[in-house]
Amino acid sequence: MAAAQLLVLFGSQTGTAQDVSERLGREARRRRLGCRVQGLDSYPVANLIHEPLVIFVCATTGQGDPPDNMKNFWRFIFRKNLPSTALCQMDFAVLGLGDSSYAKFNFVAKKLHRRLLQLGGSALLPVCLGDDQHELGPDAAVDPWLRDLWGKVLGLCPPPPGLAAIPPGVPLPSKFSLRFLHEVPSAGSEGQQVAHPDSREPPSELQPFLAPMISNQRVTGPSHFQDVRLIEFDISGSAISFAAGDVVLIQPSNSAAHVQQFCQALGLDPDQLFTLQPREPDALLPTRLPQPCSVRHLVSQYLDITSVPRRSFFELLACLSPHELEQEKLLEFSSAQGQEELFEYCNRPRRTIVEVLCDFPHTAAAIPPDYLLDLIPAIRPRAFSIASSMLQILVAVVQFQTRLKEPRRGLCSSWLASLDPGQGDPCSRGGGPVRVPLWVRPGSLAFPEMPDVPVIMVGPGTGVAPFRAAIQERVAQDRTRNVLFFGCRWRDQDFYWEAEWQELEKRGCLTLVPAFSREQVPTLPSALQEQKVYVQHRLRERGQLVWELLDRQGAHFYLAGNAKSMPADVSEALVSIFQEEGGLCSSDAAAYLARLQRTRRFQTETWA
């Protein structure tokens, strides 16, 4: 392979930007171009001044935020002291992935594109704006943009003379070779690299802490449609420390049933041991996989076999298929023309990788083990707001029905809900406690250090979790100017921590304003009882208090919860309050809100 000429850097939250970046890497290799693909925060950003050709692939999360794995890069690239000629030697292109139903659609990609131009970079193309809302998904914008990109790139970096491009139907070499062991090693034990108790180093993704689960309690009523769990972990001796607003990341596992189903489809022995060897000299082995490793460990702890497969999965599967009819269908799913049919088959019903493999049995049975890590993405950690001064999390167990017979289940939430601390760990030979690999990182919410600053918190549903930790921390420091707007469906079904809030109200430490969206108000006419009451309605009702705290007492405003429509509805309610209570015109009210955001007096933590 040629020396690296092209650098692809990605910022990815859910894996889509990484998948697109790896597609770019594969297409470069087919064109005989050297290419490195790397996460933005793992790349030494000071080296950018030496890079001649860089493609940035960036998702936008929440309310216009960069993904977690590019936040350090983001802070660096927007330093005011960077010279305007810093990147004058760089040709670049920016590919954005976003959702046009959000106000700040592809905000990160657009802002990065402008910043790279300010630093002297030369744009090969206008920024690409991939949109999840398009009926064909982001590929509707990505496919034509990539065609134009390769025309530009090949003009700058022509392939070596005499070397033809590798045809699409020919599989590229796998990243790793997987070598099965015929003898069990005499020493060493298989297991994840973990942070040991009493270690001075805080746990991380590379070395999580195996925290014993203390309790796993359902906190919604028995007739409530959703199972929500309050889970507590023992982190004594872990060197973990955290403050209100921080998040815990948890590395989930696949269920034993799915592991068995996958191994049967591919004809793999779960107990077979193997070692991995990289094929490229600069390729890094996955740090989460021990050497040697069992097939069971690989499938249960690493391969995300219950995720919905992306188009790249079908492209590689088609290359590996020996079965004519199955290969024909896989090629259709991986083609630009077949994306609508792929959406109906896979994305709309949320069909998983293991289910697809069972639908293509001849292909599945013929997959070379070397390609497993190319074919299937790694399980990503899930982030949860810390809900207490102890390490507790509030988890809504994801389960829903599509046209498929089997209900769809969230991997991490279902795995956590299945763990019973009273029964012990079924995988532990000594019958020890149930343990969960986790680590902590700062969240996006930072609470004021000044003791007399009031805080207004809006947390519907499980969005209230970080505010419980904040209120506990503030009350312990005698900071009693706390206002909480909490929203749920029913007072007697999903009013999390009702007794705790009421006790704090009695002590004068909290002003609680609940909104119960499904409860009828007896005093209203029947026609009005249909209207649901949400947190934004309660904000308007208490507009005088909100304006007084924000404008005259310097309060900070916090919002946490689902990112779909609630943040926009709350922002709209605030603008209305600024007009009605503050006497501001529409443009001044919007500018007032923007100033709160800019000065970090309005902070959000939202999730899709």
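Backbone N, Cα and C define each Cβ position, glycine as well.
The following features are taken from TrEMBL:
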type	residues	note
SIGNAL	1-17	signal peptide
DOMAIN	6-150	domain 'Flavodoxin-like'
BINDING	12-17, 59-62, 97-106, ASP132	FMN binding site
DOMAIN	206-449	domain 'FAD-binding FR-type'
BINDING	ARG350, ARG382, ALA383, PHE384, SER385, GLY410, LEU411, CYS412, SER413, TRP607	FAD binding site
BINDING	THR462, SER517, ARG518, LYS532, VAL533, TYR534, VAL535, GLN536, ASP569	NADP(+) binding site
Between the C-alpha atoms of ALA59 (FMN binding site) and ALA383 (FAD binding site), the distance in angstrom, to the nearest integer, is 17
How big is the gap, in Å, between the Cα of TYR102 (FMN binding site) and that of ASP569 (NADP(+) binding site), rounded to a whole number? 12
Looking only at TYR102, PHE105, which of these binding-site residues has the biggest number of Cβ atoms within 10 Å around its Cβ? TYR102
Do you know which of the binding-site residues ASP99, ASP569 has the most other C-beta atoms within 10 angstroms of its C-beta? ASP99
Between ASP99 (FMN binding site) and THR462 (NADP(+) binding site), how many Å separate their Cα atoms? 23
Consider the binding-site residues SER385, LEU411, ARG518 and say which one has the Cα lying nearest the Cα of GLY15 (FMN binding site). LEU411
Which one is closest to VAL533 (NADP(+) binding site) in space, judged by CA to CA distance, out of the binding-site residues GLY62, ALA383, LEU411? GLY62
Residue counts in helix (H, G, I), strand (E, B) and coil for the domain 'Flavodoxin-like' (6-150), per DSSP? 58 helix, 35 strand, 52 coil
Long-range Cβ list for SER385 (FAD binding site), cut-off under 8 Å, min separation 6+ in sequence, same chain only, gives GLY245, VAL247, ILE393, LEU394, GLY443, ALA465, PRO466, ALA469, ALA560, GLU605
Rounded Cα separation (Å) that holds between ASP569 (NADP(+) binding site) and GLY62 (FMN binding site): 14
Among ALA59, LEU411, VAL533, the binding-site residues in question, whose Cβ has the most other Cβ atoms within 10 Å in this structure? ALA59
List the residues of the same chain that sit at least 6 positions away from ALA383 (FAD binding site) in sequence and have their Cβ under 8 Å from its Cβ, in sequence order, or write 'none'. ASP68, VAL247, VAL248, LEU249, ILE250, ARG441
For a quick check of packing: other C-beta atoms within 10 Å of the C-beta of GLY62 (FMN binding site), how many? 19
